[in-house]
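J.: Please see the structure below; I have some questions.
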Amino acid sequence: MNVLILTGAGISAESGIPTFRDANGLWEGHAVEEVATPQGFARNPNLVHEFYNQRRRALLNPEIQPNAAHVALADFEREHLENGRGDFLLVTQNIDNLHQRAGSQNVLAMHGQLLQVRCVYSEEIFDWTGDLSVDTPHPEAPDDDSMRGCLRPNVVWFGEMPIGLTQIEKAATKADLFIAIGTSGVVYPAAGIVAQTPPHCRRIEVNLDDTPASSAFDETIRGAASVEIPKLLNHFSAM
């Protein structure tokens with residue numbers, strides 16, 4: 001049984017990570033165009049850096065920990081692969097590292113990772129836990145003033161290509177089980193993954209509420225991921 005999992009903001013919200021986008025579509029009072037686009041970064045890098053600095057600090061708060069859903073997914077993956085039951089890929093839209101901290105191995109972070117930065121010139125990626133600013137030196141050339149400010153958050157902004165689309169499509173087309181957890185069903189291309197799964201694939205959506213994509217699933221489970229995912233995965237482990 002080849003398994004494909006897709007997770008969104010809903011699974012991390014239960015760990016205390018806010019979704020940031022409010023009912024008016026604003027991110028902490030800012031329009032998306034200001035803090036989550038290449039154009040916004042070019043116009044006001046200080047604002048964008050501070051926005052992500054705040055998010056990075058919040059993620060590093062010791063109170064932010066993987067919840068029962070993250071742990072259940074990691075345990076299921078380990079058992080699934082150890083017993084040779086098929087392929088497993090966890091695709092997340094989240095930029096936190098809670099899946100990895102829970103022990104998940106085959107994680108594809110399609111929107112990047114908050115605890116990484118990328119050089120705008122070389123595309124090199126570096127692990128990063130501190131703040132960023134327009135004066136931050138390059139980690140490999142700290143004395144080169146021409147390289148100051150060349151780092152940006154390694155996250156996918158609106159208008160940029162998500163990571164790993166070919167790998168995701170390949171996993172979707174051969175999936176026997178597809179579970180979407182805590183996703184809005186409106187952000188593409190993630191929202192279109194369910195349509196790439198084959199006819200025999202069992203498609204399950206786990207969310208607090210209905211989404212625009214709910215009708216594409218064979219089953220919908222309404223409830224908190226930390227409650228529903230352990231129960232659901234226990235069912236498949238026992239099969």
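The chain as shown is numbered from 1 upward.
Cβ atoms here come from the backbone N, Cα and C positions, even for glycine.
Per Swiss-Prot, the features are:
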type	residues	note
DOMAIN	1-239	domain 'Deacetylase sirtuin-type'
BINDING	8-27, 93-96, 182-184, 207-209, Ala225	NAD(+) binding site
BINDING	Tyr52, Arg55	substrate binding site
ACT_SITE	His111	active site, proton acceptor
J.: Over all shown protein chains, what is the count of other CB atoms within 10 A of the CB belonging to Gly16 (NAD(+) binding site)?
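T.: The Cβ of Gly16 (NAD(+) binding site) has 13 Cβ neighbours within 10 Å.
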J.: Compile a sequence-ordered list of residues in the same chain as Gly182 (NAD(+) binding site), six or more apart from it, whose Cβ lies below 8 A from its Cβ; state 'none' when nothing qualifies.
T.: Thr7, Gly8, Ala9, Gly10, Ile11, Ser12, Ala13, Val206, Asn207, Leu208, Ala225
J.: Look at the binding-site residues Ser12, Gln93 and tell me which residue has the greatest number of other C-beta atoms within 10 angstroms of its C-beta.
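T.: Answer returned by the neighbour count: Ser12.
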J.: Using only C-alpha positions, which one of Gly16, Gln93, His111 is spatially nearest Tyr52 (substrate binding site)? These are the recorded positions in the record.
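T.: Its closest listed neighbour, by Cα, is His111.
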J.: Given the residue listed as 'active site, proton acceptor' and Gln93 (NAD(+) binding site), what distance in Å do their CA atoms have, once rounded to a whole number?
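T.: Distance between the two Cα atoms comes out at 6 Å.
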J.: Need one number: mean pLDDT over the domain 'Deacetylase sirtuin-type' (1-239).
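T.: Mean pLDDT, the domain 'Deacetylase sirtuin-type' (1-239): 92.
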J.: Which of the three DSSP states, helix, strand or coil, fits Tyr52 (substrate binding site)?
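T.: DSSP call for Tyr52 (substrate binding site): helix.
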J.: Measuring Cα to Cα, how many angstrom lie between Arg55 (substrate binding site) and Gly16 (NAD(+) binding site)?
T.: 12
